[in-house]
Amino acid sequence: MWNQIQKSFRKLLCPESADCLSHRSIQVASEAVHGEILAPQRVTCDACVEENKGSKCDHDAQDLKSAVVNEAEVEHQANSSFAHSVINMIGMLIGLGQLSTPYALENGGWVSAFLLAGLGVICAYTSHLLGKCLAKSPKSRSYTDIGQHAFGSNGRFLAATFIYLEIFMALVSYTISLHDNLITVFAGTQLRLPIWAKLYKSQLLTLTGVLVALPSLWLRDLSSISFLSSGGILMSIVIFTSVACTAIFQVVKANHSIPALHLHKIPAISGLYIFSYAGHIVFPDLYKSMKDPSKFTMVSIVSFASVTALYASLAFMGARLFGPGVSSQITLSMPRHHIITKIALWATVLTPMTKYALEFAPFAIQLEHNLPNSISSRTKTVIRGAVGSFLLLLILALALSVPYFEHVLSLTGSLVSVSICIVFPCAFYIKLSWAQISKPVLTLNVILLAFGLLLGVFGTVSSSKLLITSLERAHHT
């Protein structure tokens with residue numbers, strides 16, 4: 001049996017071996033990173049239908065609930081209205097990035113707000129490009145499907161690799177955020193356990209928080225996991241409202257001036273900005289869920305405009321309230337004694353704990369369904385839970401080893417998110433529309449592709465240097 005399990009792990013790394021699960025897993029991956037639940041859908045396993053291999057997939061309808069495999073293709077239900085789609089897209093975009101926008105604006109200067117707005121415009125446009133790609137390929141239902149249609153199996157593999165890398169790095173950032181905010185919540189509290197005597201208080205608190213969330217990785221009911229995601233969205237709303245109340249009720253006076261421009265810091269903060277708009281991996285699902293997909297472009301415009309306005313207002317509020325002392329997470333700069341701050345801190349603590357199961361879900365689905373049929377359902381659950389627990393503890397170890405939220409988040413944005421949001425959509429569209437694309441549109445997309453690559457390279461180098469410098473400084477002290 002061990003040899004069979006080893007083969008399953010090897011198959012897990014090969015996208016072609018799991019085509020029949022690709023749409024469902026990427027859909028869950030998308031919901032995981034950005035915390036939004038799309039309209040209820042019935043998902044079809046196209047690869048199995050086309051090859052008449054429905055029985056080979058051996059889907060468990062009770063486990064996946066929304067996966068239906070038949071001899072004939074099942075129609076995809078599209079029932080999301082314009083307003084519902086806008087709400088969904090906004091919910092996907094608002095997440096971890098909102099904590100760092102005040103820090104990014106303060107360090108980049110108020111001129112960097114134009115970069116924030118510009119990236120919002122570009123990402124709205126690339127969202128439109130994904131819609132155009134889907135219109136050209138009706139059978140494509142996920143981000144990886146578009147990649148395969150454009151560049152074959154290599155395109156699917158590259159897209160899937162970046163998606164899972166973004167999920168992994170986002171989880172590390174969430175755990176760092178959990179670590180930082182737990183320290184603040186329990187500031188002044190004595191915490192000692194004989195069996196963990198060698199751990200610092202901050203490490204012990206973070207370990208406790210992760211262990212509390214660990215049982216959620218053993219959940220097999222996707223509806224329960226999605227419920228956790230809804231909690232994450234609520235927490236994001238609470239955080240923004242708390243910061244707004246701090247400014248409105250003058251808990252802290254907004255009397256700090258914002259510098260005009262720190263040009264040398266722009267590459268690093270660009271990663272923070274681009275991560276705030278990283279929602280493209282779920283946009284194909286949103287497109288397919290709409291009653292009228294022709295309105296998808298307008299949905300993107302309204303959603304990105306709303307989110308950009310929210311980010312800009314939060315950034316200017318935070319920078320004006322706290323000035324040069326603003327933390328990389330706005331909640332850590334708020335006055336600790338105030339009830340509004342306590343609410344914001346607990347919301348930030350609870351957010352990562354609602355994310356772990358949903359973030360891990362796409363990998364877990366692929367893993368469990370690549371295991372041999374000879375293995376019992378209970379054994380599959382144990383393997384799935386054990387692997388998830390191991391990965392979460394690995395993420396915990398990384399987060400405690402590299403507890404620099406702003407640098408890790410910036411590296412995630414520059415290394416991964418910029419490719420998913422800008423580079424890949426432009427490349428996909430150019431490839432799929434090469435015969436019909438006009439020269440002005442081709443020029444625009446080539447420029448955006450080059451801009452995304454440059455932004456990614458400079459941002460990755462800058463954030464990596466800052467991360468290494470912080471690690472060296474901590475090592476010497």
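Even glycines carry a Cβ here, placed using N, Cα and C.
Feature annotations, reproduced from TrEMBL:
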DOMAIN    79-461  domain 'Amino acid transporter transmembrane'
TRANSMEM  86-105  transmembrane segment
TRANSMEM  111-131  transmembrane segment
TRANSMEM  157-179  transmembrane segment
TRANSMEM  231-252  transmembrane segment
TRANSMEM  264-287  transmembrane segment
TRANSMEM  299-323  transmembrane segment
TRANSMEM  386-405  transmembrane segment
TRANSMEM  411-430  transmembrane segment
TRANSMEM  442-461  transmembrane segment
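Taking Cβ pairs closer than 8 Å, the transmembrane segment (86-105) reaches residues 30-31, 33-39, 80, 112-113, 116, 170, 173-174, 177, 232-233, 236, 239-240, 258, 269, 272-273, 275-279, 282-283, 286, 289, 299-300, 302-304, 306-307, 310-312, 314-319, 321-322, 326-331, 333, 348, 351, 405-406, 409 in its own chain, all 6 or more past its ends. Remark: the transmembrane segment (442-461) makes no contact with the transmembrane segment (299-323), by the rule of 3 or more CB pairs under 8 A. Only pairs six or more apart in sequence are counted, and the transmembrane segment (386-405) with the transmembrane segment (157-179) gives three or more Cβ pairs under 8 Å, enough to call it a contact. The transmembrane segment (299-323) and the transmembrane segment (157-179) are not in contact, since fewer than 3 Cβ pairs between them lie under 8 Å (pairs 6 or more apart in sequence).
Tertiary proximity for the transmembrane segment (111-131) is limited to same-chain residues at least six positions away from its ends with a CB under 8 Å from its CB atoms, namely 101, 104-105, 143, 146, 260-261, 266, 269-270, 273-274, 276-277, 280, 283-284, 287, 293, 296-297, 300-301, 303-305, 307-308, 311-312, 315-316, 421-422, 425-426, 428-429, 445, 448, 451.
Sequence-remote contacts of a segment are chain residues at least 6 beyond its ends whose Cβ falls under 8 Å from one of its Cβ atoms, and for the transmembrane segment (264-287) they are 26-27, 29-31, 33-34, 36, 38, 41, 80, 85, 88-89, 92-93, 95-98, 100-101, 103-104, 107-108, 112, 115-116, 119-120, 123, 126-127, 130-131, 134, 140-143, 145-146, 163, 166, 293, 296, 299-300, 304, 307, 311, 406-407, 409-415, 417-418, 420-422, 425, 455, 458-463, 466.
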